[in-house]
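Have a look at the structure below, then the notes.
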Amino acid sequence: MASTALSTASNPTQLCRSRASLGKPVKGLGFGRERVPRTATTITCQAASSIPADRVPDMGKRQLMNLLLLGAISLPTVGMLVPYGAFFIPAGSGNAGGGQVAKDKLGNDVLAEEWLKTHGPNDRTLTQGLKGDPTYLVVEADKTLATYGINAVCTHLGCVVPWNAAENKFICPCHGSQYNNQGRVVRGPAPLSLALVHADVDDGKVLFVPWVETDFRTGDNPWWA
């Protein structure tokens, strides 16, 4: 009987069937109908429990693997959003005239005088503008702030368009649209120029105000107004 238990231990399915037959009458033993002793059942169960534990992953291991897989998928996506994450916070510090104080990447008000100390001629740096939109604050060649800001949202599919100082233009990384240094579209697939805002200075702070006048770059009415 011991040899039978050992031979079935390597096959759990067969072992379970053998367990089910224990305790039933056994024919042909020469003493009538007898039953296998209860101790045989105990021995068989012990053999089944001898399967190495490292071959059966427990719940903790499976949960850990699931978390690692989720992290591997999520991290690249998060990494793509981090550079522009500061510009998706709710807008604030507006005034009664519909303007919006420009915010830097840390959420602080942009002070015109301090900004010009750290941003040189022809600089274009993202700030938070009207309705929280990422908006470029422009420094002119004469080291003064331009009276306009440029909305950084591409007019093709809404990607944030980075400034390429080496080529003196805005180049969208999504589909290759290009805009000149004032945000006028010079290459598609974007159909329109980047939107404009007024950039005024009020009490030392840069204030973005909606642009509803003619687009000075094209001579057309502003499509965004």
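Backbone N, Cα and C define each Cβ position, glycine as well.
Feature annotations, reproduced from Swiss-Prot:
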BINDING   CYS154, HIS156, CYS172, HIS175  [2Fe-2S] cluster binding site
DISULFID  CYS159-CYS174  disulfide bond
DOMAIN    112-208  domain 'Rieske'
TRANSIT   1-46  transit peptide
TRANSMEM  69-89  transmembrane segment
Output field, [2Fe-2S] cluster shell: CB within 8 Å of site CB centroid, site CYS154, HIS156, CYS172, HIS175 dropped: THR155, LEU157, CYS159, VAL161, CYS174, GLY176, SER177, PRO189, ALA190
Tally of DSSP helical, extended and coil residues in the domain 'Rieske' (112-208): 10 helix, 41 strand, 46 coil
Pairwise CA distance, CYS159 (disulfide bond) versus CYS172 ([2Fe-2S] cluster binding site), rounded so that it is a whole Å: 7
Distance, CYS154 ([2Fe-2S] cluster binding site) to CYS174 (disulfide bond) (CA atoms, angstrom): 9
Those recorded positions listed as CYS154, CYS159, and which of them has the most Cβ atoms within 10 Å of its own Cβ: CYS154
Other C-beta atoms that fall within 10 angstroms of the C-beta of CYS174 (disulfide bond): 14
Spatial neighbours of HIS175 ([2Fe-2S] cluster binding site) that are distant in sequence (at least 6 apart) but have CB under 8 A: HIS156, LEU157, CYS159, PRO189, ALA190
Site of maximum Cβ density within 10 Å, from binding-site residues HIS156, CYS172: CYS172
